[in-house]
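Chemist: What TrEMBL records for this protein is below:
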DOMAIN    A:719-765  domain 'CBS'
TRANSMEM  A:63-83  transmembrane segment
TRANSMEM  A:161-181  transmembrane segment
TRANSMEM  A:276-300  transmembrane segment
TRANSMEM  A:350-370  transmembrane segment
TRANSMEM  A:390-409  transmembrane segment
TRANSMEM  A:449-467  transmembrane segment
TRANSMEM  A:473-496  transmembrane segment
TRANSMEM  A:517-544  transmembrane segment
TRANSMEM  A:550-571  transmembrane segment
Number of protein chains: 2
Amino acid sequence: MDGLLIYLGSTPAFSPPCFTILYYRFVIPLDWIHEFVKEQIRLRTLRALRGVRGSLANMWDSIQAWLLVCIIGVVCGCLAALIDVCSEYLSDLKTGYCARDFTLGQTFCCKSVNGRSTCRYRCILLLQPRSRSQAIDCPDWRSWSELWTPTQIHDPQWVDFLAYCLIGITFALVSAGLVYLNPNRHRGSKGQVKTTYYTAGSGIPEVKVILSGFVIRGFLGIKTLWVKSVGLVFSVASGIITGKEGPFVHVACCVGNIACRIFDKYEKNDGKRREILSASAAAGVAMAFGAPIGGVLFSLEQVSYYFPNKTMLRSYMCALIAAMTLKFINPFRTDKIVMFQVTYDREWHWFELGFFLALGVFGGVYGSIFCKLNYLWVRYRRTSWIKDHQIAEVLVYVTLTLVLSYPNIYTRMNSTDLVATLFAECKEGDSYSGLCVHQTSGYTTIVKLLAFAFFNKAILTIITFGLRVPHGIFVPSLVIGACLGRLMGTSVEYLYRLYPTSPFFDACGGAGTCITPGAYALVGGAAVLCGVTKMTLSLIVILFELTGSLTYILPIMLVVMVAKWVSDFISPEGVYEKMIRIAGHPFLNNQREYIHTKSTGELMQSDLDVIDANEENTVTTLRAKLSAMIYSGFADGGFPILNGDLLVGYISCSELDHALEKTKHLGPDTICYFGHSAADSSMEDVRGEGGAGGVGGGSGGHLLAPPTADFTVYVDLAPLSVSLRASVEMVTELFSKLGVRYLCVVEQGRFQGVIHKKRFLHYLQEVK
Amino acid sequence: MDGLLIYLGSTPAFSPPCFTILYYRFVIPLDWIHEFVKEQIRLRTLRALRGVRGSLANMWDSIQAWLLVCIIGVVCGCLAALIDVCSEYLSDLKTGYCARDFTLGQTFCCKSVNGRSTCRYRCILLLQPRSRSQAIDCPDWRSWSELWTPTQIHDPQWVDFLAYCLIGITFALVSAGLVYLNPNRHRGSKGQVKTTYYTAGSGIPEVKVILSGFVIRGFLGIKTLWVKSVGLVFSVASGIITGKEGPFVHVACCVGNIACRIFDKYEKNDGKRREILSASAAAGVAMAFGAPIGGVLFSLEQVSYYFPNKTMLRSYMCALIAAMTLKFINPFRTDKIVMFQVTYDREWHWFELGFFLALGVFGGVYGSIFCKLNYLWVRYRRTSWIKDHQIAEVLVYVTLTLVLSYPNIYTRMNSTDLVATLFAECKEGDSYSGLCVHQTSGYTTIVKLLAFAFFNKAILTIITFGLRVPHGIFVPSLVIGACLGRLMGTSVEYLYRLYPTSPFFDACGGAGTCITPGAYALVGGAAVLCGVTKMTLSLIVILFELTGSLTYILPIMLVVMVAKWVSDFISPEGVYEKMIRIAGHPFLNNQREYIHTKSTGELMQSDLDVIDANEENTVTTLRAKLSAMIYSGFADGGFPILNGDLLVGYISCSELDHALEKTKHLGPDTICYFGHSAADSSMEDVRGEGGAGGVGGGSGGHLLAPPTADFTVYVDLAPLSVSLRASVEMVTELFSKLGVRYLCVVEQGRFQGVIHKKRFLHYLQEVK
């Protein structure tokens, strides 16, 4: 009755015990019932225990993930605070030093005087020598000329200028040197050694590629982490036009990747690790801008390939913890994580929409032109003599930037401060220094300065992006757009002050101030950013979290939409996609639609070598096949395993190579089996004994037959197959949504050929 | 040489013409070159023209989509404004009328007195009869007791109370009546007629199901649109605890569905239409809360099944246009789309996190308890006598609500006003009416009122949701959470006022005001909303767009995370999923992870009837097979078409039925062919003539053989197939990501069985 009891115990849903007992009451003796009840209790307790253990294991499983993202968040937050403080201090060092305490930056040096920072934006008088104006507000902060001015030089500004340039150049060279001294060497597809510098540039394109399933060895390692962090500090401090967001995303992903080693589950499972990397990318943005929600959306829209709800929650948590840590550390002692706090208290007017739209069109046009020119420049750099002189290039470039930037107060200050200045609103009661003026007379100076800043940044950025130092594109784009936006806003304000009663300005109702030039800067920044990076939703949310103001939500959304349309019309690829293309990484953009020109049958390779499970596949023949495949430059392909013309499985070249490596000791005549081969089912026993768990074989080898090896564990026994008549759209969906690397093509069950992802990507490149 | 010319013209990339010409210069005579150049020009012009035409067609294609979402946005915006104004007016009517102009609501009636609305929240004195307080501020607004009070009644409040109840009940009955008079009848899976009321309830669960690929006929029709709109106006005005967001999403989807009829492409392609519906859902949220970005995220996180970048942009545009329209119409003359504008000017303190977390835990617990109780109640309603007396239920319920709500000023005001009141901050200089008090003495009254409001709303909402009137769950949840949050905030403020020097409140630095009770309300609202609906990111963004304040972003994110954890721990299903389960719609939740207990082989049906393409399939035998299949209750299944044991295709029951219907005139002996059958390739010609494009047949029928019909066009010739050894996770992915309805299972090319989505869903229900 053992069978009956187990039956009763295991499927109670089908046959409730009470029924069965009723039925059997005349058959089963009483002690059997007793036995039965005992057994039932035992079974149920066991199951309950297993349930509890299962749910505990389950819980530990999910706690692991949460723990991991928390650790990553905390580490990222601390790292961000450290990088921020260091780069701020070094950046300030370009203009002077704190006499009271050399380890203080400008903000903290001046803060103690009257409790609040006075020297950030307000005290800078236009085009006045900085030292003089500061002498009034902040006696502890000294410019370099105050330290030592040779008697031959009459104007101390030249000393400041030289110090500014020299320190900046030194920092840039330190950054470039760090990158240069830490190259990554790896083997190319044909075995040659390639040298790349993973720590240079933004890192977002590569993270995108990694999240799409491709492996770039060493890109997220410890070495990359520290080189990129330190390099970033110096490159930001040097004064080249750069931002921190791209490198921060890269750094956060490094942290995530390294943290994955804590838990076996994440260390061993690439898919799980990618989930954590998506979350880390969100933390990267959160730590760069104090924008946790923007970070999650950035990860969703821009970086991640596959972003289910679960990953979203992890990203959310990771970004939240990073932002919390940053807020807790409070590196700038502002008690805020909002970087460019603004409080626009005026609603926008409908007549302003025209100007906003113009900004949107400009953003789209500039963005796509930027992408194209930058692409050409980067390609030129990779092929011309510059390739081998990239430190010299950095030197030339940083000198140019610093010399051109020093004369103008807005280009001289670092990018973050500039954005804050441009976004700031002019309030009626304010002292009207800097970008805000009382009368119409001050406008020309502002316009000149802003126009110079705009052209300076807009042109230099094109060559900056792709330089061999860690740098980002987010803040530079923002600066360019904000300069132009502020320029336009100031002009509109000027017009309003000239003609306050014009019917065009009816909506203002003749109020003293009606236009908010800072909002134009915000709108302009959004437009250019969208044009350059093709971000939409995440960009808007990041901007709101940056400024803390939602008043201009509708104009900004509209402008971003327009910029997106315009830039998509001119060129559908964003700057990151272009970078991926230059680097030659395989990346299937699942956000694009393709107009297909070929059929599935035309796309598949039908002349591929196959392994017939019915033939006698010895190590020798397999080696020959493998060599031929690799020789034909198709080392990441594989062999379909057939039984007649029916598909049994698929083995990739690397797996086959690995398997053959393991059977070396068995000699060249070893016969290899691949999964169930219907033809010789008599052999099954031999294999069963020979090696259930992989390569073993040779059980009967010494007697009569040659040794055998079972390769089944290396075979993908359930390769995804599509019909020959399936549409190419279907094929695209399978590749992009399921992340498979190959598809077998069958027609009425008979094998026809294989489509490899790499080949398919080539085809997609063509149809674009 | 014609061939050469075409060759040159069509593949210039491979053989540049100049080269070819150089090569052929001695062979080809001069006039040939002339000819060649002419031909080249002609070809290139043609190609260019074709390109232009192609890109124009392409452009028109995408312009169609943008045009469509713009139309939907504008219509939704107008509709929302209309519904808002009407429901506001009718809702005000419950308390009184405007003596100056009966068509004005309270806000507008009082506005003209001193240019600003005075009577919304400020003038309401606690527990004072509303009429008296208003007599001071707003002489034009009269309560009903002022119009007529019978001499027998000494206290005019009773008249106001009666009027309030009677008018509310009338509105509720109008709403319920409208729904009752417009039922939707459709056939169930076994042919019986079912009556459902699509216009009742939220509509979001059904929209989710529709977007996952299931068709609910009539759910998005014109009738539903107008009934739901009008019904919503009355249900909101009646005073039952309800919001507008769910019905607005439904209404927006109706608009989207109807607008799709403008363009053929969207009318005919279900997939394309679903894209537009996703966009419409975003517009629905945008029009309900003036939250365009929140709308897009809502559509992404909560409603849509498949949300690629393109759909996101469309949603973005649709939501933007809807919000723009609303802002342009400006129904409340506030010039803002932010509904509950707040300007919290105090940052949060770390010691407050403990209270926030408690709110989060409560939100999670309440949310899941709410879902469970509501589920039980709705199920009870569907099975008990209430089923047939739902108008009576509405009557009882609305009477109860109104009678219980009238005595307390906070429950008496409509939900939107209440949320605004609860979110509002107390400023130092304010007049301290309502929820803000000067001294510690006023707190007890506020606490009592809020506690009553909380319990009132928290309990009544459980029975409201599922009532047969149009209603939503978003605002009610917000109200419940906000009541509790404000309660806690007020208590904390009270504690602070009692012990301002306690070390616990160190962070406040002894300031006069330190706690912002309104922010607690916001946090509480977020927590309960998350617990009930399981939204995370979209919820937070919606709240920010609702309040326009980003100060509390980190605490709110944290609290939402905690609420999500707690509620997921208690029950993993949100209220919408529960509703879907009750309605019995097939819905594969692609956001959940399942622990599988069966293998692919156990899941597939191997005993299904099949069609063998080698047999003689006459109309009679096919009819018999079809009837057998339908009789076994599997009308939405189908037949695999085999050639031996190789899979050729798949035909669904409905398609087969349709095909057989069309061949009626050919007689019962007609032989039907399904695609390529390798066995009888000799027949191919006959079929080729007979009917290339569907059912034709009978070419040789009159001579010797019976008539034939070609069913190929009805057959899915590329059914997706998986290997028997594929994991169930893979099967789940294929179902959820590709949206297929069936998967064929093969093993080494041989057909094994079929997995149908419906069966698979049953299995997933079990493993949960």
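Just so you know, glycine gets a Cβ as well, placed from its N, Cα and C.
Since we're looking at a predicted model, the values are computed, not measured.
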Chemist: Of the stretches A:63-83, A:449-467, A:473-496, which racks up the most C-beta pairs under 8 Å with the transmembrane segment (A:350-370)?
Modeler: A:473-496
Chemist: Do any residues of this chain, six or more beyond the ends of the transmembrane segment (A:517-544), have a C-beta under 8 angstroms from a C-beta of it, and if so which?
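Modeler: Long-range Cβ neighbours of the transmembrane segment (A:517-544): 285, 289, 291, 293-295, 297-298, 300-302, 342, 344, 348, 355-356, 359-360, 362-368, 370-371, 419, 422-426, 435, 473-474, 477-486, 488-490, 492-493, 550-553, 555-557, 559-564, 566-568, 573-577.
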Chemist: Residue list, the transmembrane segment (A:449-467) vs rest of chain: Cβ under 8 Å, 6 or more residues beyond ends.
Modeler: 126-127, 200-202, 240-242, 366, 370, 373-374, 377-378, 381, 390, 393-394, 397, 400-401, 404-405, 408-411, 418, 435, 473, 476-477, 479-480, 483-484, 486-487, 490, 575, 579
Chemist: If we skip the immediate neighbours and take only residues 6+ beyond the ends of the transmembrane segment (A:276-300), which ones have a Cβ under 8 Å from one of its Cβ atoms?
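Modeler: Non-local partners: 65, 68-69, 72-73, 76-77, 79-80, 207, 210-211, 220, 243-245, 248-253, 255-257, 259-260, 266, 307, 311-312, 314-323, 326-327, 336-339, 474, 535, 537-539, 541-546.
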Chemist: Per DSSP, what is the helix/strand/coil residue tally across the domain 'CBS' (A:719-765)?
Modeler: 20 helix, 16 strand, 11 coil
Chemist: In the same chain, who gets a Cβ under 8 Å from the transmembrane segment (A:161-181) while lying at least 6 residues past its ends?
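Modeler: Sequence-remote neighbours of the transmembrane segment (A:161-181) are 90, 93-95, 144-145, 197, 199-200, 227, 230-232, 234-235, 237-240, 390-391, 394-395, 398-399, 402-403, 406, 412, 468-470.
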